[in-house]
Amino acid sequence: MKFTLFCIALAAFLSMGQCNPDFRQIMQQCMETNQVTEADLKEFMASGMQSSAKENLKCYTKCLMEKQGHLTNGQFNAQAMLDTLKNVPQIKDKMDEISSGVNACKDIKGTNDCDTAFKVTMCLKEHKAIPGHH
């Protein structure tokens with residue numbers, strides 16, 4: 001899978017509508033900080049984003065969520081997520097379903113902040129509260 005396609009898929013997965021330059025930069029920073037390779041991300045996406053992931057991938061998810069304002073001090077910020085999602089034109093007609101899913105995931109806590117971010121992301125995926133999973 002080419003990086004651009006992967007970037008779009010991951011961006012949609014993490015609630016951004018497109019892979020804009022700012023988000024691409026955030027992805028690169030989080031990859032470097034958490035020693036996650038493009039191959040690691042491709043493997044995770046190819047496996048259907050299973051809930052079993054290495055700690056560095058969980059921390060990569062935390063990094064992305066924090067930089068987007070969706071995770072603060074280890075707490076999922078459901079309202080910030082909804083504020084981001086309502087600006088994605090492709091999903092405006094699904095906001096009721098998405099809002100329900102986001103709210104279902106808002107109190108999830110993991111064993112640490114990385115685990116929390118990952119569990120929230122898996123919950124959002126399960127509840128079809130993130131673009132690209134409808």
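Each Cβ is built from the backbone N, Cα and C atoms, and glycine gets one as well.
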* Looking at Swiss-Prot, which one of Cys7, Cys59, Cys63, Cys105 makes a disulfide with Cys30? -> Cys63
* Cys59: disulphide-bonded cysteine as recorded in Swiss-Prot, out of Cys7, Cys114 -> Cys114
* Cys59 (disulfide bond) versus disulfide-bonded residues Cys30, Cys105, Cys123 - nearest by Cα -> Cys30
* Please report the number of other Cβ atoms within 10 Å of the Cβ of Cys105 (disulfide bond). => 21
